[in-house]
Amino acid sequence: MGSSEEANKPASLYDSSSQSQPLLLKPPSIEEPNQPDEPESDPTQYLQISYNYGPRPFKDLPFVIFFVFVVLCTFGFGIFSVFHKNSNYSNLSSYKYDLNSNSCVRNSTFNGFYESRFDFYALSSSGSVFLKSLIWTLVVTLILSVPICFLLLLSLKHYTKQIVYVSLPFFVVIPIFFNVYWFVACTVSSSCSDAFPLVYRILVLVFVFLIIGIIVWIFVANWHRIELTVKIIGVASDALSKNLGLFVVIPLLTLGLVVYYAPIVVFLVFARLNGKIVPKESNGEYKCVWKQDSWVPAYYTLAILTMLWSLTIMVEAQVYVISGTVAQWYFTKEDAKPRRSIRSSLRHAFGPSSGTVCLSGLLICVVRFVRAIVDSARQEDVPGMVNLVLRCCVKALLSAVDFLNKFTINFAAITGEAYCTSARMTYELLKRNLLSAVFVETVSTRLLAGIIFVLSAIYAIVVCAILKGASSMGVYSYVVAVLAWALLIIVLGFFVHVLDNVIETVYVCYAIDRDRGEVYRTEVHEVYSQLPISRNHRPPIAPIAPVV
């Protein structure tokens, strides 16, 4: 156990001096004299885990090269599709089959310009009142979502317990309100009551009340964990409030992804224009149809897979930046402030650890893709014992990958290690300290999701009341209110996503602290030390005394 100055000193991950604590704790052994030297053991057994402030070597480099190759292929074939397009695609209806040449020729008397222009003007002149109200409502909602997120963060930091306990009744009251409201509204409306008989309305009403009862039972069964969850959310909110720059960087990364997607979408549009107009026989008659080039479907597959992989890479890069920033705050003295923590995390995420981020994104993309295939096969309900066994094996494999990926990027952001090394060391770290690798308090995520649902629902009710009182849109006011609710819940969902990543990062930092026998953040240890011991290990050992 070192002094506080040594604890805050930038430590290299490869410090294997005699003062370091071994990564895998073993009982001390006594060497006998004149015993020949034993071969060196695995060097990872003697690593001192800490935040790596020093220069980081490139890890998992082949996956960066592979991703860049895939992106270059996508953009290269996309540029080819732009210059190789067939402009006759938009005039397909003006072509007819010519018996003399056995080909499709253009009818010169057809003019589609005025028709398309007429359709455009007809479309743009409809629904102006609804469209205007919708645009203004969404713009105001987007503007108000920023102070709402900021106020919610401050409230969770200082008044976590009050916010949670005030929101809990609304988890039940709001569903009951909407359930009774639709039942009464449908009963009063003659058209709804005729289309939906009373017996079915009562069955739906009772079914929704049963779901509400299950929600109440879940809260009662987990009541002993709510107090701990409140403290965890408070600690994470405090950590996030010390790194408010993340609320600027993470949306900018998302905006960068949208800008990156824009040319790929344009390439997909132009890829449809690569082909030719050919005659096709149908019931003895010939007609002109569009035939795409043979490479177009393959390019669609490549572009869509590139977009999906890029999406998962950006998600993992955001997790990496959040983890690296929060970890630097955690391992800094309380009277000091980390400098350029977000900048260094960005540099590491898109520099030395870019291969790790690409590999993690690829694994998540493959898992989501395979899981979608399995779910689709389950919906088709294909009979057979072999099919059932295969589905169970695939689900077990996907669960194992999810388990492996948990906390791996958080650990890689702290240490700069490769993906496989980070996964192994994370598991060993949590196992040595009797902490569960499947922690992430699901109650905290559900509580936060419930809070943002309550806030969004209240906001939607207010918007609906204002629209019904200030305009004559009628039933369309409900549509605008629902869209405003969806936009606000997306923005607040982004806030919860960031806060969840902060909770995971602080958990990993706490495990590193516990493993080193040090205490950087006393308030974190006071909360996270109350977490239940993992059920997969032996009874807990005596706790490590904090460093004063």
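Here, residue 1 is simply the first one shown, and the rest follow in order.
Just so you know, glycine gets a Cβ as well, placed from its N, Cα and C.
TrEMBL does not curate its annotations; it predicts them automatically.
What TrEMBL records for this protein:
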- 1-44: region 'Disordered' (REGION)
- 10-28: compositional bias 'Low complexity' (COMPBIAS)
- 61-83: transmembrane segment (TRANSMEM)
- 134-156: transmembrane segment (TRANSMEM)
- 163-182: transmembrane segment (TRANSMEM)
- 202-223: transmembrane segment (TRANSMEM)
- 244-270: transmembrane segment (TRANSMEM)
- 299-332: transmembrane segment (TRANSMEM)
- 353-374: transmembrane segment (TRANSMEM)
- 447-467: transmembrane segment (TRANSMEM)
- 479-499: transmembrane segment (TRANSMEM)
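Note on the transmembrane segment (447-467): residues 133, 137, 141, 148, 152, 163-164, 167-168, 170-171, 174, 226, 229, 233, 473, 477-478, 480-482, 484-485, 488-489, 492-493, 495-496, 499-500 of its chain, located 6 or more positions outside it, place their CB under 8 angstroms from a CB of the stretch. Through the fold, the transmembrane segment (299-332) approaches residues 8, 50-51, 67, 70-71, 73-74, 77-78, 81, 239-240, 242-243, 245-246, 249-250, 253-254, 256-257, 260-261, 264, 267-268, 271, 338, 341-342, 344-346, 348-350, 353, 357-358, 360-362, 364-365, 368-369, 409-410, 412-414, 498, 501-502, 504-506, 508-509, 520-521, 524 of its own chain, all at least 6 residues removed from its boundaries and within a Cβ separation under 8 Å. Long-range neighbours of the transmembrane segment (61-83) within the same chain, counting only residues 6 or more positions beyond its ends whose Cβ lies under 8 Å from a Cβ of the stretch, are 263-264, 266-268, 270-271, 273-274, 295-296, 299, 302-303, 305-306, 309-310, 313, 354-355, 358-359, 362. Proximity of distant same-chain residues to the transmembrane segment (163-182), defined by a Cβ-Cβ separation under 8 Å and at least 6 residues beyond the stretch ends, is recorded for 155-156, 205, 208-209, 211-212, 215-216, 219, 226, 229-230, 233, 447, 450-451, 453-454, 457.
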